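J.: This is the structure I have questions about; it appears just below.
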Amino acid sequence: MTINPDSITSSSDDNHHNNNLRRRRGSGGGGDKSVDDVTELDSSSVDASSSSDDLTSDVRDGSGNGGLDKVSEAVSTTVGKISDGDGVQEEQRKANETTPLKYVYRASAPAHRRNKESPLSSAAIFKQSHAGLLNLCIVVLIAVNSRLIIENLMKYGLLIGSGFWSSSTSVRDWPLLMCCLSLPIFPLAAFLVEKMAQKKYMTEHVVVTLHIVITTASILYPVLVILRCDSAFLSGGTLMMFACIVWMKLVSYAHTNYDMRQLAKSVDEGENSEINYSYNVSFKSLAYFMVAPTLCYQLSYPRSASIRKGWLARQLIKLVIFTGLMGFIIEQYINPIVRSSQHPFEGNLLYAIERVLKLSVPILYVWLCMFYSLFHLWLNILAEILRFGDREFYKDWWNAKTIDEYWRLWNMPVHKWMVRHIYFPCLGNGIPKGVAMVISFFISAVFHELCIAVPCRLFKFWAFLGIMFQIPLVILTNFLQNKFKNSNVGNMTFWCFFCIVGQPMCVLLYYHDVMNRNGSSS
């Protein structure tokens, strides 16, 4: 007698399955385990994409009749969820539903149950993990760079030296150190102005004028000191970074206190009687703000419970390692390439392109090490010492699909400052969003130029133009992202313009302009 699997209904098999369930509930040991397995399957944990291979592994994992019943339930659940609307596939689905348990392993059992895409096809490539390919890329990257390091050491030897970072006149950098140590005078002056404003010793107009004078002096004073002293680039750049941070903190301090005075005034006049608000000027809050890893002033901040000394020591060790790695890459790779290059806008165009591309990789490594050292290690170290709770110093900027998105993700302290004290006030005064964005980029361009041009004592406005060029790039990447939705075109454009072309070009332009200036002066 020949038995056709497609002609047997599932009712008898369901009854057999239910009887097995009742018998196993009455027994102990392995029977309880089978009940748990079946219960999980009854709760729809089996996905509709299960294949015959999945069923095979389920049987091998089961024990006794419990494992067989598990497969039987999986078969009926799986095929029951497959519904394509096609007549032939519907007949096949019904036939699969009626396949009894003992015919699952027969040669006539179906091996192909539904439509499936290849893992690397466009429809399925982003629906699975690529961790193995990522590991392969990391291994290849380490191997290739290890070969380049060995080749460079064999060809040039160890090139670690003072070079561009500390000139022979670095012993005369003490005026810059004294200037840096005297910068706290400006926050103290701002505190005295706010204290007098709180006691109403001066009008609001006078308070605003004094704050403008204090903030302007805090940025002009270091600029004049650097320009008058023949200091090393690293010393001048460090002082300008501190000066820009102090300026931004003073602007936030003055703006926030001005807003708090206005709010307190409205409460006193009964306009916002439902708000329980008190305006307070505290030297302790200002002192904490000046050293905290934030640019936005407020009376109190979220605080962590304690200082993790072991964690802090590990971060300090990492900071030393990555700082040394940056110095090694600069001296061993970037300096020789730059010295053997020519001005990007002079000479052979193909040679200039080759130098830019050759320079892009080590500069990218230095930039990534700088980001990790500054935004992750140093700011977290400072936050841990001060028990500063909000440590979102950056977001996943590496996934940015537009230039606009990158600037909103990569430097959160500056982004929050820009939004709070530039962008939103512009919108509040009726300025359109596009104009407010241009103003924000303009202020960022000015300070980028100050941090690079002043230590170089050379004003060519390359950094300023580079930041302002971000505006058309924002428009371009937004257009590409809207045109090619759900793609990586915008992210690839960001990496290409920002890291492969922009930064190497800026380094070459400033280096050759500085060398040309030194050559002409000598």
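Using the three backbone atoms N, Cα and C, a Cβ is placed for every residue, glycine included.
When I checked TrEMBL for this same protein, it listed these features:
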REGION    1-97  region 'Disordered'
COMPBIAS  42-54  compositional bias 'Low complexity'
TRANSMEM  131-150  transmembrane segment
TRANSMEM  174-193  transmembrane segment
TRANSMEM  205-227  transmembrane segment
TRANSMEM  233-251  transmembrane segment
TRANSMEM  316-334  transmembrane segment
TRANSMEM  364-386  transmembrane segment
TRANSMEM  422-447  transmembrane segment
ACT_SITE  His448  active site
TRANSMEM  459-480  transmembrane segment
TRANSMEM  492-512  transmembrane segment
J.: Are there residues at least 6 beyond the ends of the transmembrane segment (316-334) whose Cβ is under 8 Å from a Cβ of it, and what are they?
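T.: Cβ under 8 Å, 6 or more out: 152-153, 156, 158-161, 163, 165, 359, 362-363, 365-366, 369-370, 372-373, 377-378, 381, 507.
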J.: The transmembrane segment (364-386): which same-chain residues, six or more beyond its ends, come within Cβ distance under 8 Å?
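T.: Apart from its flanks, the transmembrane segment (364-386) reaches 288, 291-293, 304, 307-308, 311-312, 315-316, 318-319, 322-323, 325-326, 329-330, 334, 393-394, 410-411, 413, 499-500, 503.
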J.: To the transmembrane segment (205-227), which of 233-251, 422-447, 459-480, 492-512 is linked by the most Cβ pairs under 8 Å?
T.: 233-251
J.: Inside 10 Å of the Cβ of His448 (active site), count up the other Cβ atoms and send me the figure.
T.: 18
